[in-house]
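Chemist: Take a look at the following structure, please.
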Amino acid sequence: MLRYTLDKLNNLGYTKVCSKKVDPKFELGAVLKYFDNEVPIIFKNVKGYDMQLVGGLYGNRQIFYDLMNTNKENRIFKFMDAIANPQETKLIYTGPIKENIITKNIDITKLLPTPTSHEKDSSSFITAGMLLVKDPETGDTHMAVRRFQVNSKTNISTLISGASPHLREIVRKSEESNKPVECAVVLGYDAEYLIASQISSSKYGLDKHKVYSALKGEALEVVKCHSVDIEVPAYCEIVLEGEIVPNKKVIEGPFGELMGYYGEVAPNPVMEIKCIMHRDNPIFQHAFPCREEHLSNGLIREVEIFSALSSVVDIKDVNVTIGGGCRLHAIVSIDKKNEGDGKSAILSSLGSSKDLKHVVIVDSDVDIYSYKDVEFALASRVQASDDIVVIKNALGSALEASHVYKGFSDKIGIDATKPLNEESFKRAIIPEYEDIDITNYF
Ligand SMILES: Cc1cc2nc3c(=O)[nH]c(=O)nc-3n(C[C@H](O)[C@H](O)[C@H](O)COP(=O)(O)O)c2cc1C
């Protein structure tokens, strides 16, 4: 999983290694942020800890595509195929994750080099941890990235957002019956694991381990945890085992969130850690809290917008942008067949997710990954009175500051497509030389 990923990243020339002693409080995050959280960095010498740390792994589209053996053109279909055709996992007796099992004198504050990222953060936070819970009704593995505030040697609290009603319901029922929820936090995984984790349970109701197997094209090898009835990847780096304690909450936050503001401070469920498994020389995985680290979430939202629009218009591609927190903004390209296609695309996009706030529809001759090209379409194909649709006072994202401030959110759709068959919109070209091979000239 992570080790294979690091080898691959290294071979592709993407990684940087930092051997200087770095303080996990603020300094480490500043280094990651300098590179916009898009460069994978291995920190060999984290002040106060023996464990090395890797950050900035999954914040760049091209790195994602290279790691998952896909590309811009095929990725949506690859993800759709895995969601539609999940594959079984393979339970094996033991694996590298069981090389070290700690059940006594647990102290995560000494063992794990957990960073503190922002000035007002309430504590250090495990930000890349994958929370695994077995669904008591289906037996499926429910997994998703959650942040965990470090409260003490053995205690962390987790944020389960309103976007995860399924897990909230599991926790609610445990509180009703006063029975703890067994759980595990997995660190040290690959890009496919992260992508699989971002599939919405309430939408698909899938065992995401099985989606992982489908994405990889081979069964995920899992082992039983040491102290709880949960299966975890045999080749991950670190597993924290324990239980979510019923009817016990701890104030969580402030925490510098993905849009760069501090989110809500509220009482949240706590997990009591009973056991830690880790590989020899484990690598701690960190995600600096920021927009780039939510790219995996945006990649799955693109699948959802694409499938919502594909029965309405001839959609070509969609970019849920990093600038919009990988959830608030989308740029969609279509092959327009009817004059109304641009508006239909706006309706379906905004209807596909409450989080989407602004959407721009362009023709397929516009590169939706180039701000210059999108701006060209906005500048030359839009007349505000005809092409801008405003929907007032809709539900928005709890992670969007102006929505939180107002309690609701306005939505905007911009139809930046050109009129059909209109000669004045023909783009000037250089005949025969549009795709010039420049290597012939120098
Ligand atoms: C880096 C990162 C951090 C995240 N942190 C949280 C979090 O703290 N709490 C949360 O509920 N969701 C968080 N998410 C979003 C969930 O992982 C995501 O919505 C997931 O699809 C939820 O799965 P579910 O529908 O099975 O609950 C995070 C996502 C990423 C990529």
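Each residue, glycine too, has its Cβ placed from N, Cα and C.
All annotation found in TrEMBL is predicted automatically rather than curated by experts.
Copying in the features that TrEMBL gives for the protein in this structure:
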- 6-82: domain '3-octaprenyl-4-hydroxybenzoate carboxy-lyase-like N-terminal' (DOMAIN)
- 94-291: domain '3-octaprenyl-4-hydroxybenzoate carboxy-lyase-like Rift-related' (DOMAIN)
- 297-416: domain '3-octaprenyl-4-hydroxybenzoate carboxy-lyase-like C-terminal' (DOMAIN)
Chemist: Averaged across the domain '3-octaprenyl-4-hydroxybenzoate carboxy-lyase-like N-terminal' (6-82), what pLDDT does the model get? Just tell me the whole number, please.
Modeler: 97
Chemist: Is it possible to list how many residues within the domain '3-octaprenyl-4-hydroxybenzoate carboxy-lyase-like N-terminal' (6-82) are helical, extended or coil according to DSSP?
Modeler: 29 helix, 13 strand, 35 coil
Chemist: Which residue counts does DSSP yield for the domain '3-octaprenyl-4-hydroxybenzoate carboxy-lyase-like C-terminal' (297-416) in the helix, strand and coil classes, in that order?
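Modeler: When I sort the residues of the domain '3-octaprenyl-4-hydroxybenzoate carboxy-lyase-like C-terminal' (297-416) into the three classes, I find 47 helix, 34 strand, 39 coil.
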